[in-house]
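Peer 1: Please see the structure below; I have some questions.
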């Protein structure tokens, strides 16, 4: 028979081990009001019902936060006496300040396997190179979506989850999960989602909506704001754009610019095919024209490939450089 509390005990064991290693004063919990960090908060309180307030609780505030999320965070702060520290959305700067001004050496995070970049994480994972030194601790790393809601159903959680939101970022990158939509336009609560693998569909749906708006000429949100990027994501986008621009070689640019679009070439070929040749010289001329068009089309293809290859090489190097410095911050 499967032990339904095994994952709970394992998480609590990780929490207690962390405090044994680093002490209450050296331990911190990153709380953002999402279901996973709410789960983690209650597990910490279950592990230390009388002493959990000796742990430091911090909230890295992001821009465009849902009012419901902020209201829930404030409620938890008051109800559980967390003395929550509100830090700026510049994670690197805020984190460096927190660690330099306290004795914190370990931070509990609500990251789970379904979150981006979490597949290779371990329960205890040192911070990445280029970031302040501390231990990232993931007590619920291997919890499933269903297990999260099984634990949270009888506890307070953010009201957005009862309105169809299953993974919450901010107001610019999150909508209710389309898989929970009813015929009347309303949504089932998050805990009704049967397939946990579809947890982030509300994020993906928002991305598609934002992309469609930009393609259709909509105003969009500008430079990734519609995607709700973190500061590091914004930095990455800026660096990639700059690298793409500097990778364009003048000679290649001129070649591509002087070549007709493929559509124009196709149109010319169709027109030539519809006309009837009147002499062998006309046929020769048509053949020469066709050969010239093919050569021009080939030139465009080669030039485009060279340009693409050059850009990809530079962008890949920049992406690799930035990603090695990334901190896997908790998801909702």
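The backbone N, Cα and C atoms fix where each Cβ goes, and this holds for glycine too.
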Peer 1: Quick one: which of 266-295, 296-325 does TrEMBL have down as region 'Disordered'?
Peer 2: 266-295
Peer 1: Pick from 209-232, 233-256: which range has region 'Disordered' per TrEMBL?
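Peer 2: So the range that TrEMBL calls region 'Disordered' is 209-232.
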